[in-house]
Amino acid sequence: MFQRITQAVKGAALLDFAGAFGLAMKYMVAPKKTVIYPNERNPQSPRFRGEHALRRYPSGEERCIACKLCEAICPAQAITIEAEPREDGSRRTTRYDIDMVKCIYCGLCQEACPVDAIVEGPNTEFATETREELYYDKERLLDNGDRWERLIAKNLELDAPYR
């Protein structure tokens with residue numbers, strides 16, 4: 001009974017309406033937070049997952065040891081790797097393809113890699129006109145790694161305490 005009386009008083013006084021109207025007015029006069037892209041950009045987290053890249057060691061040798069863990073863990077089956085042994089007994093990839101159309105950008109490939117060879121870099125602007133351009137081969141992935149290496153290394157360093 002008491003609950004119904006309280007509800008009737010609130011309804012008659014329009015307290016819910018007044019509260020909602022006050023909140024709307026607060027946001028109406030608050031400073032705008034619109035970012036005019038591409039002239040302005042929001043800060044990006046070091047853990048941001050963008051365009052894929054294959055990294056190299058400072059000596060120029062590619063990091064990938066062809067363990068195929070990234071291919072095995074990929075839930076979308078977007079990664080295809082072929083490898084062959086080298087003269088020194090180590091393995092290196094002869095083919096490393098990522099179908100970016102299938103990729104769900106989950107980051108599992110990056111987490112599985114024991115040598116930090118495959119990473120998801122900071123690049124967000126890789127739109128294309130055709131689907132075929134989204135099939136990345138080894139050369140394109142290595143070019144991405146070379147282009148973004150400084151920023152990728154910095155982001156991995158910032159993320160190191162959480163790994």
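Yeah, the Cβs are placed from backbone N, Cα and C, and that goes for glycine too.
According to Swiss-Prot, the protein carries these features:
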type: BINDING; residues: CYS64, CYS67, CYS70, CYS113; note: [4Fe-4S] cluster 1 binding site
type: BINDING; residues: CYS74, CYS103, CYS106, CYS109; note: [4Fe-4S] cluster 2 binding site
type: DOMAIN; residues: 55-84; note: domain '4Fe-4S ferredoxin-type 1'
type: DOMAIN; residues: 94-123; note: domain '4Fe-4S ferredoxin-type 2'
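Structural mapping of features recorded in Swiss-Prot.
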residue	record	Cβ neighbours (10 Å)
CYS64	[4Fe-4S] cluster 1 binding site	24
CYS67	[4Fe-4S] cluster 1 binding site	16
CYS70	[4Fe-4S] cluster 1 binding site	22
CYS74	[4Fe-4S] cluster 2 binding site	20
CYS103	[4Fe-4S] cluster 2 binding site	21
CYS106	[4Fe-4S] cluster 2 binding site	14
CYS109	[4Fe-4S] cluster 2 binding site	24
CYS113	[4Fe-4S] cluster 1 binding site	20
Task: Residues from the same chain, set at least six apart from the ends of the domain '4Fe-4S ferredoxin-type 2' (94-123), whose C-beta lies under 8 A from its own - done: 44, 48-55, 62-65, 67, 69-70, 72-84, 131, 134-138, 141, 144-145, 148, 151-152, 155-156
Task: DSSP three-state assignment (helix, strand or coil) for CYS106 ([4Fe-4S] cluster 2 binding site) - done: coil
Open item on the list: Can you work out the mean pLDDT of the predicted model over the domain '4Fe-4S ferredoxin-type 1' (55-84)?
Closed with: 96
Task: the domain '4Fe-4S ferredoxin-type 1' (55-84): DSSP-derived helix, strand, coil residue counts - done: 5 helix, 8 strand, 17 coil
Open item on the list: Rank aside, I only need the closest one: which of the binding-site residues CYS64, CYS67, CYS113 has its C-alpha nearest to that of CYS74 ([4Fe-4S] cluster 2 binding site)?
Closed with: CYS113
- [ ] Give the sequence-ordered set of same-chain residues, not counting CYS64, CYS67, CYS70, CYS113, with Cβ within 8 Å of the centre of the Cβ atoms defining the [4Fe-4S] cluster 1 site.
- [x] ILE65, ALA66, LYS68, LEU69, GLU71, ILE81, CYS109, ALA112, PRO114, VAL115, ALA117, ILE118
TODO: Could you round the CA separation between CYS106 ([4Fe-4S] cluster 2 binding site) and CYS70 ([4Fe-4S] cluster 1 binding site) to a whole angstrom and send it over?
DONE: 12
